[in-house]
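Below is one structure, written out as structure tokens; the observations come after it.
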Amino acid sequence: MATVPVYCICRLPYDVTQFMIECDACKDWFHGSCVGVDEDEAPDIDIYHCPNCEKTHGKSTLKKKKSWNKHDTGQSGDVRPVQNGSQVFIKELRSRTFPSSEDVVVKLSGSQLTLEYLEENGFNEPILIQKKDGLGMAMPAPTFYVSDVENYVGPDVLVDVVDVTKQTDSKMKLKEFVDYYYSTNRKKVLNVINLEFSDARMANIVESPQIVRKLSWVENYWPDDALLGKPKVSKYCLICVKDSYTDFHIECGGASVWYHVLKGEKIFFLIKPTSANLSLYERWRSSSNHSEMFFADQVDKCYKCTLKQGQTLFIPSGWINAILTPVDCLAFSGHFVHSLSVEMQMRAYEVEKRLKVASLTPFSNFETACWYVGKYYLEQFKGLHKANKQPPPYLVHGAKIVNGAFRSWTKKQALLEHEDELPENMKPAQLIKDLAKEIRIAEVKQVVSDSQNATKAIKSEPSNSKPPAEEPPSALSEPEEPMSPAHVSSPSGDKPARKKVPKPPKMPKAPKPPKEPKIKEGGKKKAKKVKEGVIPEKKPSSLAALESHAKDILNKMDQPKKLIKTGMSIMEKETNKPNDVKKFEMIREHNKNKTESKWKYKNSKPDSLLKMEEEHKFDKSLLSHKDNKFAFSLSNKKLLGSKMLKTQTNSSVFGSIQNIKEEKPKPVRDEYEYVSDEGELKIEEFPIRRKKNAVKREFSFLSNIKEPIQPSKKPKLPPSDMKSPDTSDEESLHIDTEAKTDVKGRNSKVSKKKGGSSAGILDLLQASKQVGGIDYSNNSQPPASPSTQEAIQGMLSMANLQSSDSCLQPFWSNSQAKNNSHSSAASKKPSGAAGAGGNSKRPAKRLPKKTQKSSSVDSSDMFDDDQDHLEACFKDSDYVYPSLESEEDNPIFKSRSKKRKNTDDTPYSPTARVGPTVPRQERPAREGARVASIETGLAAAAAKLSHQEEQKIKKKKKSAKKKPIVAEESHKLSHDSSSPEPTPDSESNMADHEYSTGTGKSAGGSQPMAPGVFLSHRRPSSSSSSQNASSVLPAKRLKKGMATAKQRLGKILKIHRNGKLLL
């Protein structure tokens, strides 16, 4: 029977579970445990001799180390980079100098480190405590040492041991490591950093600091009966030998950490968690050779902090740190997550998830802890709001960050990855919704309290302070700059919670102009809060009244109708004061100075735009500078906030408040700004400009403001740069710039416009105000250009209408009356600005304005007359007339425009509103403006007409004359549309120009007429057109679709039967 081979001095058969080494002399195999050779040491042995062979061949020899790289096998001749943690690296690290930690580390006593201190000053910098007294921390006696750790924890407990030289880890029993620690001949540098003993007997003699127990999420908010176990990160024992080194790292979950040195000493290398440093850290950690690069060389500053025996160090969330142990050391530490640095914790957690690096001190179930904290935040906010108390700003900011993380974790594409850490019996969607609601309520209350503090500061100003008119323009222009809400902390790691509550008494000192530009970034919040108090205000009582009104709105959101009435009555009382005129004049002067100084240096807008902006400055100053610093806004299921009063039409609370936009560049929004799913209240710092404007409503108190200022009778307007409050620009503040002229105002004295007709042929005639035989008064506009008159006569002949005054004579008189009552604001786009070229030469023809009271009565009468005359006009039976409910964004003929979708120019819209407008003062002219639709249409018509007539009607002499006429008319029209200033020959009026450039708006009218285009031939009547057709082709049988003049013109000009001009 064959025998089993045996090996080693123990003469046992081969065991696959035991490490064995071969002797180079006798070629026999020996167990490592029998001959005293560890498995980790074997790669370093060059020639091994067993105990028997050592007597004859000598001792074993080790490989010569050519480099301190962990990948080096000793066989390659090249020199590799120094490995982090190697002996050469430790020697170099000890000799280097680093900036002192005095700049960043805060030194306190144990009794000073309280929850109130951290809430006021934040926890953004490391805190060093010299003695443990006052910390509420329990530590063993100074005689406690490593052997006692083994007795309390157990000798057979497996621990993770880090080989510092190679920066690798392996498992080892605690007894074996303690034997290594006490041995005099240490062949390696081993380090134990993750011995967690919260469940061991040693937990009874070691207690974390009291401040940690108060802040820790796991200690306070994790239920004891939860299925998912608590993360065991609160109590660690660190047993480190001399020259132990832990490379740069961020604690898992972005946790903060505390260290207490019981014996020995530790050196910390600290790096601030700025955005740049975090990006560098992520790039460094993800590189394959990061263990060969010292990360401190890549950042601006790395601080060195020495922690001696008996001292305690608290390191905040996100700080990148490395640890060197210069002497044998026994220390205790613990990790904790808290509400003071939620933003940084989330950022660090995201970095950790992207890197996917296994850590020896993981923070398991971090997301579960966040869910429990979110539930706590909801209960906390509800309780505080019921008690009419305000949660701390850092708590509100933390709740916003957590709720944003909840949303990303519960998205459909990310739910599978995160659902394992979702607590049982948790309804995430309901929690997100309820928490968002409480956050918004808290933010609104915070804004109200901030405005009340600003009011107190204004009242505390000395009575002999300078009036607002004498302050420099820079102080007034400051509120237009973006201002961050006081309750939101900075996205960067620089003390987000500091300097928020205090400093209101110092606000009166802020208006010193030389010191304002020198405010540093750290003091922005204080300075911006100060600037709110410098807004020109002569009567603090008005501001207090508005703020009390805003507070009532917050407390009684279930009574919107009552609040609207009280709000309006308060605002009316504020504005009906005798010295309002003087105040508005001063504000207007400030706006002018502010605009000039602002763009003089920035040079970001041309002068022409500045002049246009100045026309609306006065109206906006009534709200932005008088007494309204904050307002509340609702949008369609997206919650935003604004510095100005801004509401949408679907809001139930502020339905009567005008939506006013600021015309200034909008800064980038806060990266953690929260937008809710419900239409509820929130303050938005930087409102977003929207394309679609809601229907505007006027303030009742704005109309009251206008009345005391405007004179009762004013024969003509002054040609000054600054407009008086009764000009059309003031009144047209509430008219949308997107050609929507419907204005609604319950409390306004201006009557409601019921909309114009969808423009057809007669609307074009109304726009041009041209019918034969009309007498124009001195105040009216001059007649249309000859080319336009001919085109209109052609359209009349097509529609079988006579050139008479029956339809349009009353309209002209009505439109003149309407110009006195309704101000139709010209478009703010540059395309509509070309009409101002001729206006500067004849400012005396500007119509005088009537008072609002008389205009409301006249406009209603004139509107009824329009209805009667327009209904008597001709309607084409083949044309479908749309209703007045159609809007520009949803055109009725949208489904019919399927043939030509790739045209360069938009076809003429039947719903466009073209009407006469009062010229605005000093608007910039557009040089060389052209309209492609008119030019291409006329050119195509001329080319086709000439081509057909040359082939078919060569015998007729009249055909030879049509070609130059058509070409001349097309050139004339294109020249008229592009010329910035009207010439005496053309005598083109403003309405003609606005139609040709596509920016006109329609005046009154209820029935849409048949759409048409400019024609190049004048056809006086339908009878003459038929005679003309018969004379041209007397004997030939005409083709189908070319029998009548209307059909031929339609073919030539490519008029589709539904009325669109197809090019």
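From the backbone N, Cα and C atoms, a Cβ is placed for every residue, glycine too.
As annotated by Swiss-Prot, 2-oxoglutarate binding site applies to T246, Y259, K266, with the evidence given as similarity to another entry. Cβ neighbours of K266 (2-oxoglutarate binding site) (same chain, under 8 Å, six or more residues apart in sequence): C240, Y259, T306, L307, I323, L324, T325, C329, A331.
Residues or ranges marked as compositional bias 'Low complexity' in Swiss-Prot: 460-477 (among others).
Marked as compositional bias 'Basic and acidic residues' by Swiss-Prot: 513-540 (among others).
Marked as compositional bias 'Basic and acidic residues' by Swiss-Prot: 723-745 (among others).
Residues or ranges marked as compositional bias 'Basic residues' in Swiss-Prot: 746-755 (among others).
Taken from Swiss-Prot, the feature compositional bias 'Polar residues' applies to 776-791.
Per Swiss-Prot, the feature compositional bias 'Low complexity' maps to 813-833 (among others).
Look at Swiss-Prot and you will find 842-852 (among others) tagged as compositional bias 'Basic residues'.
Marked as compositional bias 'Basic and acidic residues' by Swiss-Prot: 920-929 (among others).
Look at Swiss-Prot and you will find 953-964 (among others) tagged as compositional bias 'Basic residues'.
Summarising the annotation, Swiss-Prot assigns compositional bias 'Basic and acidic residues' to 965-975 (among others).
Per Swiss-Prot, compositional bias 'Low complexity' is recorded for 976-988 (among others).
If you look up Swiss-Prot, you'll see 1021-1031 (among others) marked as compositional bias 'Low complexity'.
The domain 'JmjC' annotation in Swiss-Prot covers 197-353 and rests on sequence analysis. Taken together, the residues of the domain 'JmjC' (197-353) have an average pLDDT of 94.
For S1021, the entry in Swiss-Prot reads phosphoserine, with the evidence type similarity to another entry.
The region 'Disordered' annotation in Swiss-Prot covers 448-546 (among others).
Cβ-based neighbour count (10 Å, all protein chains) for Y259 (2-oxoglutarate binding site) stands at 19. A sphere of 10 angstroms centred on the C-beta of T246 (2-oxoglutarate binding site) encloses 23 other C-beta atoms. Under the DSSP three-state reduction, K266 (2-oxoglutarate binding site) is assigned to strand.
For the 2-oxoglutarate site, the Cβ centre of T246, Y259, K266 serves as reference, and the other residues of the chain with Cβ at most 8 Å from it are L238, C240, I267, F268, L307, I323, T325, C329, A331, S333. Residues listed for 2-oxoglutarate, T246, Y259, K266, cover a largest CA to CA span of 14 Å.
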